[in-house]
Amino acid sequence: RQRYVEKDGKCNVQHGNVRETYRYLTDIFTTLVDLKWRFSLLIFILAYALTWLFFGLIWWVIAYSRGDLEHLGDHTWTPCVNNLNGFVSAFLFSIETETTIGYGHRVITEKCPEGIVLLLLQAILGSMVNAFMVGCMFVKISQPNKRAETLVFSSHAVVSLRDDRLCLMFRVGDLRDSHIVEASIRAKLIQSKQTQEGEFIPLDQTDLSVGFETGDDRLFLVSPLIISHEIDERSPFWDVSRGQLERDDFEIVVILEGMVEAT
């Protein structure tokens, strides 16, 4: 069967006919975080390389326009940047400025106001690039995808009697020693239905009670726990027979939420 949510937790849904793609750019940070790793690393490298090249070109233009490249070796001439003798050295000076390496061989002089302004702009822009890209990488690394690999659900859910009540039950456990804080669980029944007015609703979502009223949905996930949904008058399975349960096309999605104790 085609699943709405795969066993590994990935949603098997693709958005089509999206015309207003500019909306992704309005939230550029989330867009970058959602990209695949190869594209994120490419953007990470390009963000630094392009800014170094851009400011390196401007440093070279300033030296060229002031005539510093024509007075190389002239000790009576005060250049904008000492020991800047071409585009390669301007590019290296741009890297040293933005990364605050500061080797000391190439240094800006006080008789170059346009260079001082450019130095301030590059320092500010470099800090913004660092904050944006490092923050993006940190959020991407700390995403809960890998942490979810150590959360284990039972392969099958069962319907059985518990305390003389018919219940739908499954198990969930955490393999790590670091606990999930404020863990809570909920379940959704996803099934297409037709209303009394004849309206067809595809993939309608209905809540399955797993202890919200009693607080049992708040888990202390130290050892594997059995999650139970009681099939009573409020349950969508109340009027479903065993044979119909095997024939019906529906899906139950279980959502476990919480905070990782280590982070």
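Backbone N, Cα and C define each Cβ position, glycine as well.
All annotation found in TrEMBL is predicted automatically rather than curated by experts.
What TrEMBL says about this one:
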| type | residues | note |
| --- | --- | --- |
| DOMAIN | 5-144 | domain 'Potassium channel inwardly rectifying transmembrane' |
| TRANSMEM | 39-62 | transmembrane segment |
| TRANSMEM | 116-139 | transmembrane segment |
| DOMAIN | 151-263 | domain 'Inward rectifier potassium channel C-terminal' |
Exercise. Could you give me the DSSP helix, strand and coil counts for the domain 'Inward rectifier potassium channel C-terminal' (151-263)?
Key: 6 helix, 60 strand, 47 coil
Quiz item: For the domain 'Potassium channel inwardly rectifying transmembrane' (5-144), what does DSSP give as the number of helix, strand and coil residues?
Solution: 87 helix, 4 strand, 49 coil
Self-check item: Overall pLDDT of the domain 'Inward rectifier potassium channel C-terminal' (151-263), taken as the mean
Solution: 90
